[in-house]
Protein chains: 2
Amino acid sequence: MQKPSIPKGTRDFSPEEMAKRNYIFNTISEVFRLYGFQQIETPAMENLSTLMGKYGEEGDKLLFKILNSGDCLSGITDEELIARNPVRFAAKACEKGLRYDLTVPFARYVVQHRNEISFPFKRYQIQPVWRADRPQKGRYREFYQCDGDVVGSDSLMNEVELIQIMDEVFHRFGIRVCIKMNNRKILTGIAEVIGAADKIVDITVAIDKLDKIGLENVNEELRSKGLSEEAIERLRPIILLQGSNQEKLVTLKKVLADSEVGLKGVSELEFILERISHTPIRAELEVDLTLARGLNYYTGAIFEVKALDVQIGSITGGGRYDNLTGVFGMEGVSGVGFSFGADRIFDVLNQLNLYPEDSLKTTQLLFVNFGQREETYLLPLLAQVRKAGIRTELYPEPAKMKKQMGYADAKRIPFVAIVGENEIAAGKINLKNMLTGEQTLLSLEELIERFA
Amino acid sequence: MQKPSIPKGTRDFSPEEMAKRNYIFNTISEVFRLYGFQQIETPAMENLSTLMGKYGEEGDKLLFKILNSGDCLSGITDEELIARNPVRFAAKACEKGLRYDLTVPFARYVVQHRNEISFPFKRYQIQPVWRADRPQKGRYREFYQCDGDVVGSDSLMNEVELIQIMDEVFHRFGIRVCIKMNNRKILTGIAEVIGAADKIVDITVAIDKLDKIGLENVNEELRSKGLSEEAIERLRPIILLQGSNQEKLVTLKKVLADSEVGLKGVSELEFILERISHTPIRAELEVDLTLARGLNYYTGAIFEVKALDVQIGSITGGGRYDNLTGVFGMEGVSGVGFSFGADRIFDVLNQLNLYPEDSLKTTQLLFVNFGQREETYLLPLLAQVRKAGIRTELYPEPAKMKKQMGYADAKRIPFVAIVGENEIAAGKINLKNMLTGEQTLLSLEELIERFA
């Protein structure tokens, strides 16, 4: 018989991995709740009519589709079958698909439950998503997303709050980060003033290369993308943009003096930086014009978080959007949101070994099982130890001492309690520290005290 | 445009429902961990080769199958397509399916990770499962299961521990329950002594009807099922089995005197009841021979938990099995486990209104937003309030007071802080109790104290 396996790109999570993941998700949840965010969950399966067309043509191909139950082939003609068009076939044989992200289901949720929701709606959601991507290192076909959004409010105070949340989360993790900020309106303004509205992406890509290839080569690249000499000249102060956030904003205001939308973007950034200066922020904050994520989607602020001590892509990102739910017929729902990259945070915490010891501890105390008489003696005692909140096991059978100790070792249980004939006679518990080997004779009260 | 919807049999969970569900799952998790159980997770998608044939023919039909990505029709001939056999078609077009329960994935996990696991392995798992059942009231196509198992130990102390866990969980919920117990070996013994080994189910069904239809009608039914008069006569003390657990066991020992396996079952029950008597149990414990769940699967103890104050089916159930992983080629892995019925527990807690108030609270304190100046003033103050762990919001914009208060009401925020010009001048916070309307002028320290 073949050893069973799981589909490629999916994972089992072992007890240790689960402890780590629970630590991550619990920390994020706690901070979200501290700021008044509420959790929702949506079903794994959505109607394909909800999902299709929302992620581009490529995205449609990456949706996992669920075969209709019952007679999946009814309603398909022989001709259609033999035509062997997989896309058209799936459209007839599948009504449902697995969610691809948490944004579209959230938009669907907002529209469907609009009458129950009190806006501004601050929601967070931590659930797996599925993508039929080619699996590769660090890319999975099932992975968790961890999204927070505020919808139904245009106030930039929401952006301020999201920055506070990112800062607090990474502070709690002990990960030093830089929160990079940009604004879609600034990018639009730049394109406007150089007369190349369609070149935003080329420009940000070029700016990003300055450190590596130098100004001359950047300009060469821009030329090759069709930018005029005049445009390249105007771009120069933006490509060479340096200094503090304040200095950058001053330069930008000069360059964007003729662009209303550009100046709007600068003033939004200014507002956010001013407000955030009134609260204790541990992260670095950096205005970074190369941030161009979600360009087709974001309309205002754009965020990205980079870990300072680990070479890894962005570990969190987000931004403001104008129209979350228009595609479902509900106009005017703007919002701002972001997504923690759970898998990458997991990797960073692993690399820097930042998990608090306590978050990985499972059982704190194992009672050795010496046999029938001791079992009976220990049961009421165990009840008291557990009542004190101490995570405790009694080995389920009187196996050899070596086996029981091996179990404690494998499970990294830090203390073992030995209660044999002598200890019963003395009314004591022999507590062994598995790390030091030290043994101490304690009363039940003293034992509980030890773990308090 | 059509209002978007979700597939039938699936659910969205609103913030309030999530708070309740989190309370349920957190409580169960905490108790599992208190007993040294470790959490695992497995992927939503399993290979169909793992799932098929494990749930009977009916079960196979209820599996949600995922269409292969890419060209799902390749490898299927035109003849096969036109044959229109949905089962054979799915076998070729689908490699993966959504998990149907947590038991088969767990068995697969144990086999796949046998070298990393230290036995006895105490695992719990809380994840959704999917079944293409006809949706109806209280039956969903996506629902959470919540399983705990100990594998790799034959000791009955595991059964004792599972009873303790059930008792502790329902005690924490405040749900009064009866834990019903049976043993597969007793049922086998009964069938043996009456010479009708294939009639176990008929017998338990008939016994179950005693209260409703009386002994004569029960016997009539047994006759109609083909039981001999002699067998019916021998069954009489079992059908009329009454009294305390001790009395039932005494009767059973007499009736089963000639059945080795039957006596073994009685002594297992006796052992469990004796051991459990040494620990404080709040639940009622009842030996109940009509418990016949999982007859094809369970080989020893059988458990079921009934709520005493609500008319609802069993809210938890489980038992001991001999061979978890044989189907995957790993023999000799016995264990005992059970499953909390999360949806039914949710219903019971709702009906009895047993959610602790604190578990449903989200934001504790909302600061009214009066405008720019107040925002700036409040930001450092908010940081301190949150540092004290108080879940706090600042309304994101200076909307009308009525709107902001309406938001607090809708979100059931119990306290609102009003800090306008006067309060800033006085260095105070005006705290309004939303329930009583009472307002108090407090310093920041006093405010934090209030929520401690």
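Including glycine, each Cβ sits where the backbone N, Cα and C put it.
Site annotation (TrEMBL, ligand L-histidine) includes A:Asp101, A:Leu102, A:Thr103, A:Gln145, A:Asp149, A:Arg293, A:Tyr297, A:Tyr298; from A:Arg88, A:Arg131, A:Arg134, the additional listed residue is A:Arg131. Residue pairs drawn from A:Asp101, A:Leu102, A:Thr103, A:Arg131, A:Gln145, A:Asp149, A:Arg293, A:Tyr297, A:Tyr298, the listed L-histidine binders, are separated by up to 22 Å at the Cα level.
A simple way to gauge crowding: the CB of A:Asp101 (L-histidine binding site) has 17 other CB atoms within 10 angstroms, across all the protein chains here. Residue with the densest Cβ environment among the binding-site residues A:Thr103, A:Gln145, A:Arg293, A:Tyr298: A:Tyr298, by other Cβ atoms within 10 Å. Classification of A:Tyr298 (L-histidine binding site) by DSSP places it within a strand. Across the domain 'Aminoacyl-transfer RNA synthetases class-II family profile' (A:1-380), mean pLDDT in this model comes to 93.
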